[in-house]
Amino acid sequence: MPTDKPHLLRRVQANKPKPVCVHNETEYQPGAVVPSDKCEDCKCSSTVDPDTKLHSVECTPVKCDESCKLGSEYEAVPGECCGKCVEKNCVVTLPGNETQILEPGQIWTPPNEKCEKYKCEKIVDQLVPIEEKTVCPKFNPENCIPGTEKTDEDGCCKTCTPRHDCNVLKNSTYLEKNGCKTTEPVEVNSCEGTCGTSSMYSVEANSMVHACSCCQEMSTSSKEVEMICPDGTKISYTYTSVETCGCKPLECPEEQSSQKVSRRRRR
């Protein structure tokens, strides 16, 4: 009996596996992405399984980027393959691209900048470094009582006990000249206060060295006013008004500056 060769060929071809991957009853061509767990990347490979004669599905774990910027740390997220970067600290960027890490609530002062402070604060769920700069009042050591100079606890500003308290004293009064008088009070300023004096021993001079000063005007201005005289005539009068006051060094009396100090030697 003749053999039905076409029918036999069809049976052989029907039993031959296809060059594909089969996953969940779905065929995938080699190189195609195969749906899988979210923590894996799966593809249909060119490798043939010797048992099934089908191409194998190869999977690799998802690679998570665990690199975080400075001040943040990588933390796992429950139920997720990859974690995330969580901000933990403040980062202060200094000149020269130097950085300083601050914990929340921490206050830091740069070594060479005593008048600067940085504080790590949380603002709307974000850590922010807050910069504070201290502006010191004017400091003139010549206006200090010797030995009273000091620096504040931060090492930023210098202060001292001033030698003087000399200020402008404002006063309104009538001015009179040869019977003529201003029609209304005018402002006549003056200086009032105390200025420092000191007495210190000098090794070089072997004597007491004294410093004296007087509270007096440092700057003045000329002002013109109108006066009315007894006969009804009016005249203009110019007077001097004090604008600023200060302590002006003066020479101390001779009997003070010439005083000597004796030293007793031990036998």
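Even glycines carry a Cβ here, placed using N, Cα and C.
Checking Cys115, Cys120, Cys229 against TrEMBL, the residue bonded to Cys180 by a disulphide is Cys229.
Per TrEMBL, the disulphide partner of Cys247 among Cys195, Cys212, Cys214 is Cys195. Checking the candidates Cys157, Cys160, Cys191 against TrEMBL, the cysteine paired with Cys245 through a disulfide bond is Cys191. Ranked by how many other Cβ atoms sit within 10 Å of their Cβ, the disulfide-bonded residues Cys229, Cys245, Cys247 place Cys229 at the bottom. The shortest Cα-Cα distance between Cys247 (disulfide bond) and any of the disulfide-bonded residues Cys180, Cys191, Cys229 is the one to Cys191. Neighbour counts were taken at the CB atom with a 10 A radius for the disulfide-bonded residues Cys180, Cys191, Cys195; the maximum falls on Cys195. A separation of roughly 30 Å, to the nearest angstrom, links the Cα atoms of Cys229 (disulfide bond) and Cys191 (disulfide bond).
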